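A short worksheet on the structure shown next.
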Amino acid sequence: MDNYQTKNISNLLTSLCFTTLLILAPVVICTRQHRFDSPKRSLLANEQDLVTGLPGQPDVSFRHYAGYVPVDESNGRAMFYWFFEAMDLPKEKPLVLWLNGGPGCSSVGYGATQEIGPFLVDTNGNGLNFNPYAWNKEANMLFLESPVGVGFSYSNTSSDYQKLGDDFTARDAYTFLCNWFEKFPEHKENTFYIAGESYAGKYVPELAEVVYDNNNNNKKNGSSFHINLKGILLGNPETSDAEDWRGWVDYAWSHAVISDETHRIITRTCNFSSDNTWSNDECNEAVAEVLKQYHEIDIYSIYTSVCIGDSARSSYFDSAQFKTNSRISSKRMPPRLMGGYDPCLDDYARVFYNRADVQKSLHASDGVNLKNWSICNMEIFNNWTGSNPSVLPIYEKLIAGGLRIWVYSGDTDGRVPVLATRYSLNALELPIKTAWRPWYHEKQVSGWLQEYEGLTFATFRGAGHAVPCFKPSSSLAFFSAFLSGVPPPPSR
């Protein structure tokens, strides 16, 4: 999900879209970063990051590591990761980097402990439960809190936080990978994938492009450094602002969240392909009406009861971003909506990760000088300084480069709904390889799937924004299919 607040609506929401220049993939040269104060940890000493004695952790046979990797020595910038080895054959199985969106939301708080990690946060943040559908059954899983300012990731230079945007985030994530592989050289040759959901629909292809370009440049320049990137996996992803907005509105109307009249006004007054759309007061008011209706339900899972009193939900709907704000950007930008699923588990995660014993065990702090961990950083969200309006050109580039791209969508998500994703993918005009069909898991229809030349798209029937929260078993099966490159079964 910039530093843009537009009249009325831009402060009522904040969101899917911005309209800045399409970033070119930056070329980043991997150089070894030396340690700096806090944390004082050698890049090669991964054993110092081995997690032992995590409070409430179930007994497991695999190893996991957590800690900081520096990405800018001079500015004192470091990123926090949590890495889970595959449950068996970790040296042979793929390595998958998982990113959550926001921008400003934690992949540790969401992906690792609410969705696909082996330890799910317990009720009231008292401990952890083993996840029988953890994705490290199939791969080594690396969770990164990105960019700095998210979760435990930090910078000692305050001006860094004013630069946060897509380009900055992709560069830092690539530098993180370079330095992380110095810590874990045994995984340098593993096949590598990047996965994520929501606003990571921007992060993932942008980072993949940086990796892809640097691999090619390193090869031309005779460098031996190479990240073995094979593909990307995207869940309910923000993709192309114009199509995402249109799909967001059409989904709300087709699922009876908004009235015919509201839909008609938006259709008539909102040109989501135009930079000037948000200067239209009638459009702003109609879009605000959509948000008003979504305020009453869970936008991330429209048929799920809301968590009354949930802090993340309250901060989203009731904070300053949802009220008028006197700051008007000189360049009108579209509003943004916070990404990430917000059930009561958000509060439990906040309690758990602010415990002194947990932070010490994860090497996030010394257990005395505690970090103030939050699942989403609203300052990052409100001050994002550059978002790619569409990553579809990156899709085209990666497809041409032979990388695997799979996209999935939970069909009860109102935040980045299935219609938005279908509109975005249709804009690519890819040839259809296999026609629309159901796909099955445990003899039941899990969703529908269509294969294009270079891309596979699937839906999850009855799943919300964070698909693995709703369909853990079928999402694990789908993940396994993605890694194999073979679509899930077309019959019972």
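Positions of Cβ are set from backbone N, Cα and C atoms, glycine also.
Per Swiss-Prot, the features are as follows:
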SIGNAL    1-30  signal peptide
DISULFID  Cys105-Cys376  disulfide bond
CARBOHYD  Asn156  N-linked glycosylation site
ACT_SITE  Ser198  active site
CARBOHYD  Asn221  N-linked glycosylation site
DISULFID  Cys270-Cys283  disulfide bond
CARBOHYD  Asn271  N-linked glycosylation site
DISULFID  Cys307-Cys344  disulfide bond
CARBOHYD  Asn372  N-linked glycosylation site
CARBOHYD  Asn383  N-linked glycosylation site
ACT_SITE  Asp413  active site
ACT_SITE  His465  active site
Cα within 10 Å of Ser198 (active site) - qualifying recorded positions among Asn156, Asn221, Asn271, Asn372, Cys376, Asn383: none
Among Cys105, Cys270, Cys283, Cys307, Cys376, which are disulfide-bonded residues, the residue with the most C-beta atoms within 10 angstroms of its C-beta: Cys105
DSSP three-state assignment (helix, strand or coil) for Cys105 (disulfide bond): strand
When distances run from the Cα of Asn271 (N-linked glycosylation site) to each of the recorded positions Asn372, Cys376, Asp413, His465, the nearest one: Asp413
For Cys270 (disulfide bond), the one of Asn156, Asn221, Asn372, Cys376, Asn383 that lies nearest, given that the recorded positions are compared by Cα: Asn383
Helix, strand or coil at Cys283 (disulfide bond) [DSSP, three-state]: helix
Number of Cβ atoms other than its own within 10 Å, given for Asn372 (N-linked glycosylation site): 7
For Cys344 (disulfide bond), the number of other Cβ atoms found within 10 Å of its own Cβ: 17
Cβ neighbours within the same chain of Asp413 (active site) - under 8 Å, at least six residues apart: Asn236, Tyr300, Ser301, Ile302, Ala463, Gly464, His465
Inter-residue C-alpha distance, Cys376 (disulfide bond) and Cys344 (disulfide bond) (nearest angstrom): 14
Fewest-neighbour residue among recorded positions, criterion Cβ within 10 Å, set Asn156, Ser198: Asn156
Where Ser198 (active site) falls in three-state DSSP terms: coil
Whole-number Å value for how far Cys105 (disulfide bond) lies from Asn372 (N-linked glycosylation site) (Cα to Cα): 14
Fewest other C-beta atoms within 10 angstroms, as judged across Asn221, Asn271, Asn383, which are the glycosylation sites: Asn221
